[in-house]
Amino acid sequence: MNSTPKAVVIFSGGQDSTTCLFQAIQEFGVENVEVVTFQYGQRHAIELEKAAWIAKDLGVKQTLIDTSVIKAITSNAMMEEREIKQEGNTPNTFVDGRNALFLLYTAIYAKGQGIRTIFTGVCETDFSGYPDCRDVFVKSMNVTLNLAMDYNFNIRTPLMYLTKKQTWALADKLGAFDYIRQHTHTCYLGVEGGCHTCPSCVLREKGLNEYLSEKTSGQKYV
């Protein structure tokens, strides 16, 4: 197999995964980076459309994996037309097992391609109550996959301890601020450009406004 180090990014076309994609490209070179996108039964096609467009625009190979069978065994507001709200300790947008499934399938694909490094944009700081965005989960999954496949994966989480403000700052540092602001999709309701009211849009815009405010006042990102 080719000995050149390569990386694969779990890619949705959103702010976080696109930031990770630019990070991977900076570290590994665009020719050594691939993305994996999942069709898991999400409510809106715009997510998949954005992911495909960005991958093509940046010149990275995209592999689309269908995991929509998950719709038959779990229920949530990400895959069904219902009101988005908090249910107990977890919002009803949480998809049980989604990140575990994404990491498993990406690892299977990566091993077949001789790739060891997997980037995912999960974040514990602004994780919205999703248990599978925690560092302890990702680390345990890394160990599990290594043992399950007898292969040394390295799951990278560049955004794990960043706030949304800091994620915007990282995008700026990577030279991708305008690109990510213009081309990525985050809205839970599937509105082009954002609905400005769903939890995901509110978090994204709050972080953006905080970063722009600090940037114009001359404060530096640490």
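In case you wondered, yes, glycine gets a Cβ from its N, Cα and C as well.
What you are looking at is a predicted structure, and each value in this text was computed from that prediction instead of being measured.
For Phe11, Ser12, Gly13, Gly14, Gln15, Asp16, Ser17, Thr18, Thr19, Cys20, Leu21, the entry in Swiss-Prot reads ATP binding site, with the evidence type sequence analysis. Around the Cβ of Ser17 (ATP binding site), a 10 Å sphere holds 22 further Cβ atoms from the protein chains shown.
Around Cys195 (Zn(2+) binding site), the same-chain residues six or more apart in sequence whose CB sits under 8 Å from its CB are Cys187, Tyr188, Leu189, Cys201, listed in sequence order. The Zn(2+) binding site annotation in Swiss-Prot covers Cys187, Cys195, Cys198, Cys201.
Scoring each of the binding-site residues (Leu21, Cys187, Cys198, Cys201) by how many neighbouring Cβ atoms lie within 10 Å, the top position goes to Leu21.
Neighbour list (Phe11 (ATP binding site), Cβ cut-off 8 Å, at least 6 residues apart, same chain): Ser17, Thr18, Cys20, Leu21, Val35, Val36, Thr37, Ala51, Ile54, Ala55, Gln62.
The two recorded residues, Gly13 (ATP binding site) and Cys198 (Zn(2+) binding site), show a Cα separation of 18 Å. The Cβ of Gln15 (ATP binding site) has 25 other Cβ atoms within 10 Å, all protein chains considered.
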